[in-house]
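Here TrEMBL flags 21-39, 59-81, 101-126, 132-152, 159-179, 205-224, 277-296, 316-335, 371-387, 394-414, 457-479 as transmembrane segment.
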Amino acid sequence: MQNQPSPHGEKTRWEKLKLGLVTLAKFIGPGYLVAVGYFDPGNWATDLSAGSQFGYKLLFIILMANLMAIVLQSLSAKLGVVTRQDLATHCRKQCPKWLNWILYIFCELAIVACDLAEVIGSAIALNLLFGLPLFAGIIVTALDVLLILLGWSAKYIRVYEAIIAMIVVTVGICFATLIGKNPPVWSDTFLGFLPSSKTLSDPGSIYNAVGIIGATVMPHNLYLHSALVRFRAGNGQHEAGQVHEVASDTDSTNTEQRLFNSPISISTSVRMSTIDAILALTIALVVNSSILIVAAANFHSVGRTDIADISDAHNLIAQMLGPAAGVIFAVGLLLSGQSSTITGTLAGQFVMEGFLGSQLCIAPWMRRTVTRMLAIIPALTIVLIAGDKSLNDLLVISQIILSLQLPFAIWPLVYFTSSRRIMTVTYGSAGMKSEYAQLAVKAAVEAPITESFANSWLTTIVSVIVGLVITVFNVILLVQIATGSSGS
């Protein structure tokens, strides 16, 4: 009787649940494009290093980094939905030119560092699977970005999302299989998720912890997420959740947004985009934790704390668990590198368009070729001079660089989303569809309605704490590196 329609036309609980799930399904996607960057080859290097050296003890760093990522990505999604502009565009419009250029340069450095991890990870995977020399593998990775750019269009965004979702599931299955072959000590695993100040006092733990944070909370993902959600944000011509093209940005500095849709549409878009981010990043947490658990169970538990690189990890896994396990490991690595290439390519394009505006933008293929070359050159140089064994060190260093760039993305994001001036919208009636007819009529005869989506005081406090934690970690690491006590 509970599922019978209400005599007054009200929906039953089941109907409301079904409607909510259908609505959520329309918004599923951007979170996964962002989340795939949270277990790219850089994560593999830092998680394998942390697991082999410290066992399960740094699992709480992965958990903490993932919770911080959820906070920041939710803010990023809200900024894009409410203002219809991405984080990079806000930096250009709200910041002085000199500061905008500084933020842009730091963001491009972060993208190059991320590219470096993708190049090295994919090259190592090709070497493990097909015996392709690392030098040749690095060259091959220069070609994939051009294929991605040729196929990019908003109308194909769900295809990109479907590909990424399949890759995410496959990587997850790979590590579930590896864990099943040699289960960890689950009690120790649980204790690893509990914070311990003693763990961070161990030599090298801060270095690994900052590497994990940099590999997990990636600065360019904050720019990417704020751009992607705009393709689903409802407006007068499109319902919330319907994928549509986004109009090219203008150089107007007016921050008050005249949104021709209903309050329901904006609130729904913000809420569903946040849920999408939480679901996707939860999967990223499971995958990242699994990488560290595999290292702790197979390496640290038998005294192998000297695992030097990903190749060593692969060889030891193949030796302990069989050749098939080695193949599974390498396939997961290749997929994670290629999926991160897709999101890195998109992020780079949005970043350039946002920071520089349409007038200063260069062709996407040219921009992406330059940044990929900046990543390939140091990788090739290291291979030629120091040999293959030094690539893993370069991987970890790239994640440290990413972490050092984080404050330059976090603080503008927190400021913009906390500003009532930026996050206040005005509702009008023009262009509304029939489902908003009653609201449209009301809006037409009454004064325009404004509403602020600025962060609450609690959200502001939490986001500031997140920013401070990351900034303090970076300062401690820089001091340790300067004094030679980082243990790296």
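Keep in mind that glycine also has a Cβ here, set from the backbone N, Cα and C atoms.
Curation does not apply to TrEMBL; its annotations are automatic.
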Honestly, do the transmembrane segment (394-414) and the transmembrane segment (59-81) touch, with at least three Cβ pairs under 8 Å and pairs 6 or more apart in sequence?
-> yes
Mind pulling out the one from 59-81, 159-179, 277-296 with the most Cβ pairs under 8 angstroms to the transmembrane segment (316-335)?
-> 159-179
What stretch in 59-81, 159-179, 277-296 has the biggest tally of Cβ pairs under 8 Å against the transmembrane segment (457-479)?
-> 59-81
The answer for the transmembrane segment (159-179), taking Cβ pairs under 8 Å and residues 6+ beyond its ends, is 28-30, 32-33, 35-36, 39, 152, 280, 283, 286-287, 290-291, 293-294, 297, 317, 321, 325, 328-329, 331-332, 335-336, 338-339, 342-343, 346
Please indicate, using numbers and ranges, the residues of the same chain that are 6 or more beyond the transmembrane segment (277-296) and have a C-beta under 8 Å from a C-beta there.
-> 28, 30-32, 34-36, 38-39, 43-44, 47-52, 54-56, 58-59, 62-63, 66, 69-70, 73-74, 77, 168, 171-172, 175-176, 178-179, 182, 184, 188-189, 192, 216, 225, 307, 313, 317
Under 8 Å Cβ-Cβ from the transmembrane segment (59-81), and at least six residues away from its ends along the same chain, one finds 30-31, 34, 38, 47, 50, 87, 90, 189, 192-196, 199, 208-209, 212-213, 216-217, 221-223, 225-230, 233, 266, 269-270, 273-274, 276-278, 281-282, 284-285, 288-289, 292-293, 410, 413-414, 416-417, 423, 453, 455, 459, 462-463, 466, 469-470
